[in-house]
Amino acid sequence: MPSELKVLHIVLVLLYTLSSSTYNSNGNWTLEGSAADNSIGDTILTNTKKHSCGQTFNNESIPIKDSSFSFHFLFGIVPEHTQSGSHGMSFVISPTAGLPGASSDQYLGLFNETTNGKSSNHVIAIELDIQKDQEFGDIDDNHVAMVMRLSIVYSHPDQQLNVTLFPAEIPVPPRKPLLSLNRDLSPYFLEEMYYGYTASTGSIGAFHYMLSSYATPKVENPTWEFIVVPTLPPYPKKSSDRTKKILAVCLTLAVFAVFVASGICFVFYTRHKKVKEVLEEWEIQYGPHRFAYKELLNATKDFKEKQLLGKGGFGQVFKGTLPGSNAEIAVKRTSHDSRQGMSEFLAEISTIGRLRHPNLVRLLGYCRHKENLYLVYDFTPNGSLDKYLDRNENQERLTWEQRFKIIKDVASALLHLHQEWVQIIIHRDIKPANVLIDHEMNARIGDFGLAKLYDQGLDPQTSRVAGTFGYIAPELLRTGRATTSTDVYAFGLVMLEVVCGRRMIERRAPENEEVLVDWILELWESGKLFDAAEESIRQEQNRGEIELLLKLGLLCAHHTELIRPNMSAVMQILNGVSQLPDNLLDVVRAENLRGMPETSIEVLLGLNLYSVGTMTLTNSFLSHGR
């Protein structure tokens with residue numbers, strides 16, 4: 001078995017005892033197969049040759065039928081490998097002085113596939129097997145004859161066969177045998193038979209040594225003091241094999257080293273190529289800090305999927321943490337098929353990068369790598385406003401105070417973009433998804449990917465229709481021109497959604513409530529405007545502010561551009577500096593300015609004159625919608 005194969009020299013003793021004579025092992029022996037005598041008189045049954053077998057038989061027959069006998073023998077096994085053995089050897093009693101046609105491997109030089117298992121063979125053998133063969137029903141893989149002496153004693157009167165094992169260094173065998181068999185062996189024997197030894201190898205070589213034998217006329221366990229256990233030579237190692245192994249190992253190590261070196265060079269090359277950046281001339285004029293692409297890779301963990309915050313037509317947004325400062329950031333990466341290209345990218349970094357307002361998402365910097373464009377913003381942990389509009393039972397509902405503040409924050413940001421900064425900026429994509437909420441529940445406008453920059457005093461109109469369906473003003477669809485008034489239209493819809501706690505289009509709502517603007521106007525006309533607010537905030541102490549925002553939202557979302565107020569007027573109403581007149585419902589109902597009562601026109605004039613100062617009536621109507 002494997003643990004005992006660690007002992008290279010396996011030595012046992014064979015002594016043969018017969019009732020009629022004493023037999024000397026130096027008598028006439030026949031050698032077959034790989035068997036050969038060595039220089040010291042021992043018989044070597046097998047050697048380094050694989051899948052071979054050897055036999056040695058005494059040429060003198062012995063009378064054995066109806067007789068008692070004892071066999072004791074000394075042999076040694078030196079396997080090729082210390083952790084695994086070959087197949088083993090056997091002591092055999094045969095009708096002939098040899099077993100022609102025997103096979104190697106598991107057949108041990110005794111039989112072959114045809115002769116194995118036939119009782120007519122009259123072959124009796126004791127296996128000294130060092131490998132378990134399931135097909136022959138081996139009792140286990142701890143085989144006898146590996147590191148022990150073996151005595152085989154058969155008493156014909158008692159019809160008992162005993163097999164005893166004990167260490168080679170002990171001269172006296174133990175009294176208790178390892179195996180005992182009560183059976184009459186006479187039917188298996190002929191009158192005259194021969195005895196000998198066989199051995200075989202498989203895919204692993206082994207030296208099987210037959211060392212000595214003799215006979216005595218009685219059944220007994222003799223003493224072994226006169227037996228000298230020889231020292232067997234180790235299994236030979238061919239220098240050529242050793243050289244081949246050394247060369248193979250060296251070659252393998254050399255190939256591995258070349259492979260590793262090539263891999264390292266490739267990684268460094270691709271990594272360098274991956275993070276290599278080119279600075280264009282147009283980038284010099286823009287103020288925001290340019291981030292190294294490698295820095296963004298580290299911050300976003302190579303833009304892993306688990307860092308993804310969202311994806312839209314503009315591209316993807318990833319969460320990241322800047323190394324060193326541990327500041328949380330949001331990185332917007334434009335996708336290859338994004339609607340946002342270089343022109344929009346330049347517009348964004350040229351505008352928001354210079355803007356500083358508490359209700360605008362701060363642009364920290366940008367990066368450009370290959371075909372991708374990156375914008376780095378402050379991270380807003382509470383996400384976007386749209387998630388608070390979903391009627392999900394698990395979603396925390398906003399209080400009225402939070403809603404009112406969010407509306408004022410968005411209005412303040414738009415006022416800054418439209419009128420307070422040195423240049424007029426049209427956002428063009430105001431919607432709940434672009435209103436981000438920070439950790440203190442402050443609202444900030446983000447995603448300036450569709451923003452357009454114009455010098456103050458020039459015609460602030462564009463020819464490209466952009467935005468999100470549902471939030472696009474009617475005139476923008478007709479003319480394709482975006483103005484500050486189109487931003488006001490979208491803001492009015494957002495205001496109504498925040499107060500009502502729902503989307504402007506609700507397919508699951510009753511038919512008369514599907515379109516938010518129409519439903520609110522219907523409630524207002526029936527004197528139930530307060531019922532449009534979300535139930536969780538519908539408290540009497542909030543009635544005045546709720547109805548104010550609903551009316552203002554309808555005014556801002558009016559389908560006629562000239563009827564909408566500008567953001568300056570909106571902020572004054574929200575701050576209580578200005579009030580909406582009582583007859584505002586007539587203004588909201590009006591299709592256009594023609595045919596509108598004079599008092600209603602005066603209402604519009606009043607709203608817009610707050611923001612345009614000393615402008616004339618005509619200029620007021622022309623300029624409020626920038």
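Glycine is no exception: its Cβ is also placed from the backbone N, Cα and C atoms.
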In Swiss-Prot, the member of Asn162, Asn298 to which N-linked glycosylation site is assigned:
Asn162
Quick check on the record annotations: which of Asn112, Asn566 is tagged N-linked glycosylation site by Swiss-Prot?
Asn112
Looking at N-linked glycosylation site as annotated by Swiss-Prot, pick the matching residue from Asn28, Asn382.
Asn28
For the C-alpha pair, I'd like the distance in angstrom between Leu309 (ATP binding site) and Asp429 (active site, proton acceptor), rounded off.
19
Outside the transmembrane segment (246-266), six or more residues from its ends: residues with CB under 8 Å to it:
none
Where's the emptiest Cβ shell within 10 Å among the binding-site residues Leu309, Gly315, Val317?
Leu309
Can you tell me how many other Cβ atoms are located within 10 Å of the Cβ belonging to Lys311 (ATP binding site)?
12
